[in-house]
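Could you have a look at this structure, given as structure tokens, before my questions?
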Amino acid sequence: MVKLIESKEAFQEALAAAGDKLVVVDFSATWCGPCKMIKPFFHSLCDKYSNVVFLEVDVDDCQDVAADCEVKCMPTFQFYKKGQKVGEFSGANKEKLEATITEFA
């Protein structure tokens, strides 16, 4: 299940709760066409990779989280391990998204 992050505190808690698991964060917006396009694929990955934590951040609802994470465009995917960012890319690239998950998971 993809967890919707609604505050800076919830984001920090989710990263901490993940422990050693890979955390994949989808920074998106409701008005973003490419975000809508990749969203079902992103959600399908959480069934395929049960050992990975999937988070979703709406940049309009959580501007502080997006600013802290230096998100400049949507969609941006960030990858965290043990609370530290280990990877990031922007764009609705399904192949790159899954390849990056398999690289870090």
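Cβ atoms are placed via backbone N, Cα and C, with glycine included.
OK, Swiss-Prot features for this one:
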type	residues	note
ACT_SITE	CYS32	active site, nucleophile
ACT_SITE	CYS35	active site, nucleophile
DISULFID	CYS32-CYS35	disulfide bond
MOD_RES	CYS62	S-nitrosocysteine
MOD_RES	CYS69	S-nitrosocysteine
MOD_RES	CYS73	S-nitrosocysteine
SITE	ASP26	site 'Deprotonates C-terminal active site Cys'
SITE	GLY33	site 'Contributes to redox potential value'
SITE	PRO34	site 'Contributes to redox potential value'
Can you tell me how far the Cα of GLY33 (site 'Contributes to redox potential value') sits from the Cα of ASP26 (site 'Deprotonates C-terminal active site Cys'), in Å?
14
Looking at the recorded positions ASP26, CYS62, CYS69, CYS73, which has the shortest Cα distance to CYS32 (active site, nucleophile)?
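Looking at Cα distances from CYS32 (active site, nucleophile), the smallest one goes to CYS73.
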Return only the integer: C-alpha distance in Å from PRO34 (site 'Contributes to redox potential value') to CYS73 (S-nitrosocysteine).
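So the alpha carbons of PRO34 (site 'Contributes to redox potential value') and CYS73 (S-nitrosocysteine) sit roughly 11 Å from each other.
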Express the distance between the Cα positions of CYS62 (S-nitrosocysteine) and ASP26 (site 'Deprotonates C-terminal active site Cys') as a whole number of Å.
12
Looking only at Cβ atoms, how many others are within 10 Å of the one on CYS32 (active site, nucleophile)?
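Step by step: centre on the Cβ of CYS32 (active site, nucleophile), count other Cβ atoms within 10 Å, giving 19.
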A 10 Å Cβ contact count, applied to the recorded positions CYS35, CYS62, CYS69, CYS73: which residue has the minimum?
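Selected from the recorded positions CYS35, CYS62, CYS69, CYS73 on minimum Cβ neighbours within 10 Å: CYS73.
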For the recorded sites listed here, GLY33, PRO34, which shows the highest count of neighbouring CB atoms within 10 A?
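In terms of Cβ crowding, the pick is PRO34.
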